[in-house]
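Working notes for the structure below.
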Amino acid sequence: MANLRKTHPLLKIANDALVDLPTPTSISAWWNFGSLLGLCLVAQIITGLFLAMHYTADITTAFSSVAHICRDVNYGWLIRNLHANGASFFFICVYLHIGRGLYYGSYLYKETWNIGVILLLLVMMTAFVGYVLPWGQMSFWGATVITNLLSAVPYVGNMLVEWIWGGFSVDNATLTRFFAFHFLFPFLIAAFTIIHLLFLHETGSTNPVGLNSDADKIPFHPYFSYKDLLGFAILLIALISLSLFAPNLLGDPDNFTPANPLVTPPHIKPEWYFLFAYAILRSIPNKLGGVLALLASILILMLVPILHTSKQRSLTFRPFTQLLFWLLVADVIILTWIGGLPVEHPYVVIGQIASFLYFFLFLFLIPLSGWLENKALKWSCIDSSASERRSCKPDVGG
């Protein structure tokens, strides 16, 4: 009798995705972040569900209900700290996952990559509406500033903002709908994650050398399932350590003050994981231009597969593009630093230079370096009969 996991309609799906999945032997720890993101999502949904049982989405009691969770609910302080810091770890894993995709050419699986960019936008929206819920000063003013950006949309901008607010300012209606969105979006993210995996398993994973690995694959379980479990352990140890020893390290002190529409905080800034995009937004003195730059800073990822000029998939054997990749990483770190600083000289100029470099690297320098490396290698690639395979040989006497 055939094994049940291979014949049962439901178990067969799980088996093909988690047990008998053919996996390249050479994939490194950089391929762990997909499963770590799955762990983060599950942890966020579970902790969020328990928080939602005690939270009240009303401006008069929201702040008090969060205090009540931390003071009176059994282990409420731990659940709240795990949820708040879990968001930070979620974004750390997201950015490392995207970085790995850029470095190793995973973006050439266009459907998987584009679904991933949609997932990034959904995760960012979820984190933004979630940050508003404690109804502290930074929650209120962050919501006011960011939603106000939509007023830059021509003709319908003001109407759009009032529609999102549910009135003429950020008020009770805004908080209620943001709570509804924050509860809904994680399940939408879970659905898109399944689609993301569906497209990934159509092609299989890439590998560090960027070559076709059909001839050298092993089952996902037990080899990579145990490797993923090690990643789970490291992530959970780091998350629990941060939540227990320095739970407010990544938060904003202003959020310990209840929201007051009459007092503006001296520096309005989002959570650390949005600072790079916030710096790009602030670097353009025009409101509409800033909003477009903010959107472009994320949506530019969708252009990466189109702008791929190299005959090699991965950056493993492309030293010049490697240099530009790490320059991009440094640039994003600089943007994150600038996003948390006040709008004054010299930070404004540094932010503008870093923002220009961010787009210049994606749109011009990295595609140019791929083209130059092709010229340097003098490769002529001949398409084989299989469309996804390419046999490459150096030009002789060229």
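From the backbone N, Cα and C atoms, a Cβ is placed for every residue, glycine too.
Annotated in Swiss-Prot:
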TRANSMEM  33-53  transmembrane segment
TRANSMEM  77-98  transmembrane segment
BINDING   His83, His182  heme b b562 binding site
BINDING   His97, His196  heme b b566 binding site
TRANSMEM  113-133  transmembrane segment
TRANSMEM  178-198  transmembrane segment
BINDING   His201  ubiquinone binding site
TRANSMEM  226-246  transmembrane segment
TRANSMEM  288-308  transmembrane segment
TRANSMEM  320-340  transmembrane segment
TRANSMEM  347-367  transmembrane segment
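Recorded features from Swiss-Prot, shown on the structure.
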{"residue": "His83", "record": "heme b b562 binding site", "CB count, 10 Å": "21"}
{"residue": "His97", "record": "heme b b566 binding site", "CB count, 10 Å": "21"}
{"residue": "His182", "record": "heme b b562 binding site", "CB count, 10 Å": "22"}
{"residue": "His196", "record": "heme b b566 binding site", "CB count, 10 Å": "21"}
{"residue": "His201", "record": "ubiquinone binding site", "CB count, 10 Å": "14"}
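Taking only the Cα positions, the spacing between His97 (heme b b566 binding site) and His201 (ubiquinone binding site) is 17 angstrom. Within the same chain, the transmembrane segment (347-367) packs against the transmembrane segment (288-308): three or more Cβ pairs sit under 8 Å, each pair at least 6 residues apart. The stretches the transmembrane segment (288-308) and the transmembrane segment (178-198) are not in mutual contact, being linked by fewer than three Cβ pairs under 8 Å (pairs 6 or more apart in sequence).
Cα spacing between His196 (heme b b566 binding site) and His83 (heme b b562 binding site): 24 Å, rounded to the nearest whole number. Most Cβ pairs within less than 8 Å of the transmembrane segment (77-98), among stretches 33-53, 113-133, 178-198, 226-246, 320-340, belong to 33-53. When each of the listed stretches 33-53, 113-133, 178-198, 320-340 is scored by C-beta pairs under 8 angstroms to the transmembrane segment (226-246), 33-53 comes out highest. In this structure the C-alpha atoms belonging to His83 (heme b b562 binding site) and His201 (ubiquinone binding site) are separated by 30 Å. Reduced to three states, the DSSP call for His97 (heme b b566 binding site) is helix. The separation of His182 (heme b b562 binding site) from the residue listed as 'ubiquinone binding site', Cα to Cα, is 29 Å.
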